[in-house]
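Annotation source TrEMBL lists active site, proton donor at 37. Summarising the annotation, TrEMBL assigns ATP binding site to 30-37, 149-152, 178, 186-189. Among the features that TrEMBL reports, beta-alanine binding site is placed at 61. The (R)-pantoate binding site annotation in TrEMBL covers 61, 155.
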Ligand code: PAF
């Protein structure tokens, strides 16, 4: 597996693969890779002949006071894992390579509606930063398909929308969330949890399952259902940012008549913000 740091080298390597008749798959990441990321690489490798991954901690999607500076940078370990998982090319650009004219004058991509509310409400500008960097990366790599984790459900919806709205000929694949044995969704941010917090963290997924079970059993009084579960999270020592039931396609608040639902949560455990979700289609047997 080759690692390249410039757009010029990236384009040359992808052009070589294309000239050999290969289909290109792409997995954008911010590094500090874990088995969740490896599942994305494996999925891409099953579908195409040449897998490109990127590692770029994108300053444009971090707000003031967020964890940009302490976001773990573990390039050597990441390269080793990517190689094992079947990645062919790693693009690991600098900030200057991605934003040569600085970030202030960077053209932005903004996806209305889907990017508002949920994480968009607590992290203003976050999804503009994601949509902008993903659009740039898509234009640099020009893949046939790209794979993203369903753990970032709202992010995936935003990326599907931008690809559709900007007529990008890229197939977007959402891969199911990889979980630890106790249910905690794998995330680079889990490394910030101390031992005691790590023991408490699985309550986040248990909360989603409790809500899903209640809905399957017929409950439709969503505000009361959510309020009770928010109290459970607080009792466990978390500070919920949001806990919501939304329509899975549009992400608008769910009505009791909706059948395709997603339950989404963001909650702070100490200073670490955990997010998770559970997709529940009442017309599809579990
Ligand atoms: O999900 C992530 O790791 C990032 O938001 C992404 C998609 C790589 C864009 O920086």
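The backbone N, Cα and C atoms fix where each Cβ goes, and this holds for glycine too.
Structural mapping of features recorded in TrEMBL.
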residue: 30; record: ATP binding site; Cβ within 10 Å: 18
residue: 33; record: ATP binding site; Cβ within 10 Å: 25
residue: 36; record: ATP binding site; Cβ within 10 Å: 20
residue: 37; record: active site, proton donor; Cβ within 10 Å: 27
residue: 61; record: beta-alanine binding site; Cβ within 10 Å: 21
residue: 150; record: ATP binding site; Cβ within 10 Å: 19
residue: 155; record: (R)-pantoate binding site; Cβ within 10 Å: 22
residue: 178; record: ATP binding site; Cβ within 10 Å: 18
residue: 188; record: ATP binding site; Cβ within 10 Å: 19
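For the pair residue 188 (ATP binding site) and residue 61 (beta-alanine binding site), the Cα-Cα distance reads 16 Å. Residue pair residue 178 (ATP binding site) / residue 155 ((R)-pantoate binding site) shows a Cα separation of 17 Å. Put simply, residue 37 (active site, proton donor) is 10 Å from residue 30 (ATP binding site) when counted between their Cα atoms. Between the alpha carbons (Cα) of residue 37 (active site, proton donor) and residue 155 ((R)-pantoate binding site) lies a span of roughly 15 Å. Taking the C-alpha positions, the distance from residue 33 (ATP binding site) to residue 155 ((R)-pantoate binding site) comes to 18 Å. Across the structure, residue 155 ((R)-pantoate binding site) and the residue listed as 'beta-alanine binding site' place their CA atoms 11 angstrom apart. Closeness to ligand 1 is met by 30, these being the recorded positions among 30, 33, 36, 37, 150, 178 whose Cβ falls under 6 Å from the molecule.
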